[in-house]
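In what follows, a structure is listed as structure tokens, so that the remarks can point back to it.
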């Protein structure tokens, strides 16, 4: 159903917005604090939305398999995948990490084929390939331009960090796909996307709280944002657009479209950033980036057929 693809694209727009907002907040208080506290902001809002639209503050009386699938989905999606990705940003670099993350649709398509029996048509597979290829083109083109097309081999320690970063980026791509696949499995039981998101948020927050407790940063994560009003406002903005709006849109998308298609369209956020770079930040957009964008748009169009 075309609505699924449309909602997946809207999700990508939310991710593009949040990449700017979270980056600004992370530079002020650290990415780990932002990753953690955003869910403390999002969860009460989701409680309220669930009460307004579903008639209860929390989804109860569901089957154990629904709680299992959606709980694990939230743990992988909101906790494990994000921790992997943020670590990869540091060790490997943001653009290189984004390139590796484009493997997520492939992982998602394989998992959904094996466990859910979802079969993509040749045209849909071509669309995924074109979309992912266009996104990679844009990322690499913009990355080369920002570096002045100069590469340095770096020290042995740098190379070791790159290898570690590549491992975490690959882990992020896989665990993100696992999170989406598990969400699809949970939604197959007919649960409302608002209920699904509330269960996912709860599990993700539990995972991040345990992680922060192990790191002994549970209190410092809060104080960092409390003492920086701008970072707190940016994080709150991102919490509403990402874990609330973006995730609900992605869950609606999964209700109507295959996992591989949804994850491919969700990876187009770098395409959304190009006009923002040009119009808002006044950055020059290269011809290669434009060509990559056109390729991704053609691939996206194929996924709507």
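Just so it is clear, glycine is given a Cβ too, placed from its N, Cα and C backbone atoms.
Note: TrEMBL annotation is automatic and uncurated.
Feature annotations, reproduced from TrEMBL:
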- 3-139: domain 'EamA' (DOMAIN)
- 6-25: transmembrane segment (TRANSMEM)
- 37-60: transmembrane segment (TRANSMEM)
- 66-86: transmembrane segment (TRANSMEM)
- 98-116: transmembrane segment (TRANSMEM)
- 122-140: transmembrane segment (TRANSMEM)
- 161-182: transmembrane segment (TRANSMEM)
- 164-304: domain 'EamA' (DOMAIN)
- 194-214: transmembrane segment (TRANSMEM)
- 234-253: transmembrane segment (TRANSMEM)
- 259-276: transmembrane segment (TRANSMEM)
- 288-304: transmembrane segment (TRANSMEM)
Restricted to the domain 'EamA' (3-139), the mean pLDDT of the model is 92
Taking DSSP helix as H, G and I and strand as E and B, the domain 'EamA' (164-304) has 120 helix, 0 strand, 21 coil
Grouping DSSP H, G, I as helix and E, B as strand, the residues of the domain 'EamA' (3-139) number 117 helix, 0 strand, 20 coil
